[in-house]
Amino acid sequence: MKHLLSIADLTRESAVELLDEAERFEQALLGREVRKLPTLRGRTVMTVFFENSTRTRVSFEVAGKWMSADVINVSASSSSVSKGESLRDTAMTLRAAGADALIVRHPASGAAHQIAKWTGHQDDGGPAVINAGDGTHEHPTQALLDALTLRQRLGDIEGKRIAIVGDILHSRVARSNALLLSMLGAEVVLVAPPTLLPVGVSAWPVSVAHSLDAELPGLDAVLMLRVQAERMNGGFFPSQREYSINYGLSEKRLALLPDHAVVLHPGPMLRGMEIASAVADSTRTAVLQQVTNGVHMRMAVLFRLLVGAEEVAG
């Protein structure tokens, strides 16, 4: 695997190997007074974010530093992009500066693929490119950490019924999770108003429903999504209040879930809209576990791309 741009870059076997690798990194760090492994010593990892981020950017930076990499954060607002430099020139500059890995978030779908194409393969000195979210396309490492969290909470993903609820249309998280969870044997159902479903969703490996209340009793997990108002230029639903009434996860709706079911959210959460504060803070919600798993999962991805399928270094 040269890059991680899409869930399509993975097979079921390689996805499970990454989940296992993440848990090995978690174990390797347990009990260490200094959370450092020498695995990526001498490697240069650059995070290049053209959109705001807290969880993804920070967890990639922590992952790189815990593996002893030199981590450099390239902010679009303080780079030559703000002066009109093209994405290609920026990417080639970072390659020339010695990046071993480029972790890219960009508002345009396909941006990470283009950067990987421009900068070349590792075989000819190019960096590994990791898609940290490209427009409404994909966010593969988020799906991987969500799958890891589900596996830890549910024991196995095979045969589980998992709902992805909310703004499917604008969500790269929904796309990556639908592909990965289906690959791992889950039954995935998308729950959203018709206006927030993408064209062509019938080709996805999922079923579609419009009533959240009807789905909750039969679920093993529910992944709540934020309404991405910043990507909307029209009326996709009458009001925030009506959206919350129909698709928000309230305490009453939480009680409809089976006792073992778990609630996930990729963040940031809009409390009071897609999820009630009491639900967000419930022990049945795995939001902080997702963040913790995000660090270990991204350690695994960096390791696989830059080192290969070897044992975790001491």
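Backbone N, Cα and C atoms are what each Cβ position is placed from, and that goes for glycine too.
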For the carbamoyl phosphate site that Swiss-Prot assigns to Arg55, Thr56, His139, Gln142, Gly267, Pro268, which of the candidates Arg24, Arg88, Arg105 is also assigned?
Arg105
Count the other Cβ atoms sitting within 10 Å of the Cβ of Arg55 (carbamoyl phosphate binding site), across every protein chain shown.
17
Whole-number Å distance between the CA of Arg105 (carbamoyl phosphate binding site) and the CA of Arg172 (L-aspartate binding site)?
11
Compare the C-alpha of Arg172 (L-aspartate binding site) with the C-alpha of each of the binding-site residues Arg55, His139, Gln142, Gly267, and give the closest one.
His139
Across the listed carbamoyl phosphate-binding residues, Arg55, Thr56, Arg105, His139, Gln142, Gly267, Pro268, what is the farthest Cα to Cα distance, given in whole Å?
16
